[in-house]
Amino acid sequence: MKDVLKRVSDVVWELPKDYKDCMRVPGRIYLNEILLDELEPEVLEQIANVACLPGIYKYSIAMPDVHYGYGFAIGGVAAFDQREGVISPGGVGFDINCLTSNSKILTDDGYYIKLEKLKEKLDLHIKIYNTEEGEKSSNILFVSERYADEKIIRIKTESGRVLEGSKDHPVLTLNGYVPMGMLKEGDDVIVYPYEGVEYEEPSDEIILDEDDFAEYDKQIIKYLKDRGLLPLRMDNKNIGIIARLLGFAFGDGSIVKENGDRERLYVAFYGKRETLIKIREDLEKLGIKASRIYSRKREVEIRNAYGDEYTSLCEDNSIKITSKAFALFMHKLGMPIGKKTEQIYKIPEWIKKAPKWVKRNFLAGLFGADGSRAVFKNYTPLPINLTMSKSEELKENILEFLNEIKLLLAEFDIESMIYEIKSLDGRVSYRLAIVGEESIKNFLGRINYEYSGEKKVIGLLAYEYLRRKDIAKEIRKKCIKRAKELYKKGVTVSEMLKMDEFRNEFISKRLIERAVYENLDEDDVRISTKFPKFEEFIEKYGVIGGFVIDKIKEIEEISYDSKLYDVGIVSKEHNFIANSIVVHNCGVRLIRTNLTKEEVQSKIKELIKTLFKNVPSGLGSKGILKFSKSVMDDVLEEGVRWAVKEGYGWKEDLEFIEEHGCLKDADASYVSDKAKERGRVQLGSLGSGNHFLEVQYVEKVFDEEAAEIYGIEENQVVVLVHTGSRGLGHQICTDYLRIMEKAAKNYGIKLPDRQLACAPFESEEGQSYFKAMCCGANYAWANRQMITHWVRESFEEVFKIHAEDLEMNIVYDVAHNIAKKEEHIIDGRKVKVIVHRKGATRAFPPKHEAIPKEYWSVGQPVIIPGDMGTASYLMRGTEIAMKETFGSTAHGAGRKLSRAKALKLWKGKEIQRRLAEMGIVAMSDSKAVMAEEAPEAYKSVDLVADTCHKAGISLKVARMRPLGVIKG
């Protein structure tokens, strides 16, 4: 790595501007020799990529605690011109939680694609889970990747599904999203019971071109070209939609020809309202406008094939597409004009030649229209039927068409039979029936139904039912085989019943007896009466939209030496379906006291327990108080001012918080309801991961003058709070990534990495994100303010002294992940810039107008927290930082090992014991988090602080050591 970098000083390195063609400025990295050896190679690429963004000034900067992140490296700093430059969510903060490269991601077209290949197919719609509607779909926002650690988590469910991923990747359970590393055997997870078919790259063969429409008006061709439907190639991005619309139209659609003064040609679709709504959604994706839904109720007289007559009240629903161009398009694809019962037609040749997943869409559309739904008699599925009727002279055409369907189904390992049924009025009717349990299961799991929500949901549940029925039968088959083996060895039935391998709800004494006494054949085994009937299964395991509950059977750590990937989506649900399983998808404050180490040490256990009780912590932790949605807007726009006004702090607190705890550009109307709801329930909580609350003592003072001004002396007890904007900040980032990506394209910004999605700062999109991000910063400050209030109350509870008398004043509060409007001197002139600090801290010098007057003589306090069991540093800002790093310095120790690797190496109890041996009381909502945050997982905070000090971008004032710590 040193051969790439140019040495500037002992602790400063330059990444040359010619490292990458697109770089507008060099990279500047602050590292000593030891930290340089620990640097991940991918970080150089991220530094270079940031240097390629428009409007960047001087350098793309990396702090001593730098490590790999999303878009920007964590520990990255960059300043962009406010008029010519950009703002990027990736430069503020975002998490990556990952799955293995071979995870199968289900798409809206019913096929799955390996996760590692998904980054090449970002225009796909993927399946997601909506708690109110069930199955939905979403555009892809991004696909991120990172290198894996040695071990990852593999979970296996009772139904045989397997998912592999990092320990921090969330999986949907009945209790919400839980990281894979925190799942337990026996936990229930939500799965989508559909396997689909593997994606196959279509050819670029032309299906239709202008020559097919040469006889028609040029407006027909223009209409289709404008919508990307001419020329129509097999690899058209909407070919799946086109195939399933055509399939449905062969069943419940028609091309109507009206002969009047002016000949009209239009397409009509028929079905239930919900069905037509879904069809209309697909048509919109093609740019085709459909009519409103026409409905009418009428009485019809029905006479069946056996001569019975009856009257029925029914509702007819239909939509029309009045475009003649679309009608001709569907006709050229193979759909007949006029009544289908009077027409000769076959399966279109292009469908026969298409990839399997395209055929799947055609068949799913056809069966969605005319196929019968899954029905059970006790435990057994009845055949799934497709019936066709035509006039007598078209009998051969019916048979030809159904035989073509039969051949298509066979490609999916689905057996079917065709037979004649009774018909009326000189017509002939034939039925194709999918028969046999295995074939029915294959149909439901590989094809299923499209557009008919009722058929689809029942079909999904039926598929899962048959899967689990097979598993139950397999258990009984193995029992029969094993019982025979043991019986031959002299083991009695009574002895077998006591063995663990025979303890299963589907194994009975009678089954074992029949196996050994009656020589029951394995292939003759029937399902146990303990197995639920289909309706009972739905009641017990069904979830809205055809999703089902599955139980984790096994969890293990496995070795994995390839990349891990994650998917971001546009929709608010922020999940996707991998291997059928639904998966998901700050700052620091120093508070001083007038207590000494000796005064606190005797009560440290009680104090930590009290703090743990009073300050909510842990993954998904929620605040103590409940707030209305309207109050959230006040929090987002007022920050700490709101908290103090509501009684959570002292008026003087505002003076010792960066920006007085409120960015004035915040506008809550730019924050989504989803983000607000996530923030509303979490306000006043610590969270999880590297967020913590630590009771410390000042071990050593390096700068007596600055320490005295900050109110710090040796042996004094202080409290460090490290937390941020919780789920709200993450949600804001997610909400704006897609907007920024589109904006980058619209403004002609070439991105070296899609994770650096951005927009010009002064653009509408840039300002919208900035206002929302300011809300996130205000929320984080308010969150730390409320925690400060409960810290003060906890000290009062334990020491029986008022917080005011304990002099529990804020030394300073500074943000870590933020983009801010600032003025800096560049090339001798004052320039307005937007400074991105991602995992970096502001470090303004003496006499800067943005810092408290009390600190003018020494500069802004800088807080660099260490990891559990090690030191933290209080430092001060400098003029060198203003000149070199836009007034920025490091924000902490910086991870050296990922959470997944830390979990592999250490156990939470072990870390807790080691801390106790050092005299540190540690409490956490999760033992896994204790392991993730093991001291060895981080770079040396001493090396980070030394590097900053040597570089002059912040200077040491004091070093603090922990007495007790609370981890989320």
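Cβ coordinates are placed from backbone N, Cα and C, and glycine is handled just like the others.
Under the heading active site, GMP-histidine intermediate, Swiss-Prot lists His891, citing similarity to another entry as support. The feature Mn(2+) 1 binding site is assigned by Swiss-Prot to Asp95, Cys586, His691, with similarity to another entry given as support. Swiss-Prot lists Cys586, His722, His816 with the feature Mn(2+) 2 binding site, giving similarity to another entry as the kind of evidence. The GMP binding site annotation in Swiss-Prot covers 690-694, 816-817, 865-868, Ser872, 891-894, Lys967 and is backed by similarity to another entry. What Swiss-Prot lists as domain 'DOD-type homing endonuclease' is 245-414.
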Candidates His722, His816, His891, namely the recorded positions, that fall within 10 Å of Leu693 (GMP binding site) by Cα distance: His722
Neighbour count (Cβ, 10 Å) for His816 (Mn(2+) 2 binding site): 24
Lowest local Cβ density (other Cβ within 10 Å) among recorded positions: His722, His891: His722
Three-class DSSP secondary structure - His816 (Mn(2+) 2 binding site): coil
Integer Cα-Cα distance in angstrom, His816 (Mn(2+) 2 binding site) to Asp867 (GMP binding site): 16
Per-region confidence, the domain 'DOD-type homing endonuclease' (245-414) (mean pLDDT, whole number): 92
Length of the line joining the Cα atoms of His722 (Mn(2+) 2 binding site) and His891 (active site, GMP-histidine intermediate), in Å: 11
C-beta crowding around Asn817 (GMP binding site), within 10 angstroms: 26
Cα-Cα distance linking His891 (active site, GMP-histidine intermediate) and Asn817 (GMP binding site), given in Å to the nearest integer: 9
Pairwise Cα distance for Asp867 (GMP binding site)/the residue listed as 'active site, GMP-histidine intermediate' [Å, integer]: 12
Conformational class of Leu693 (GMP binding site) under the three-state DSSP mapping: strand
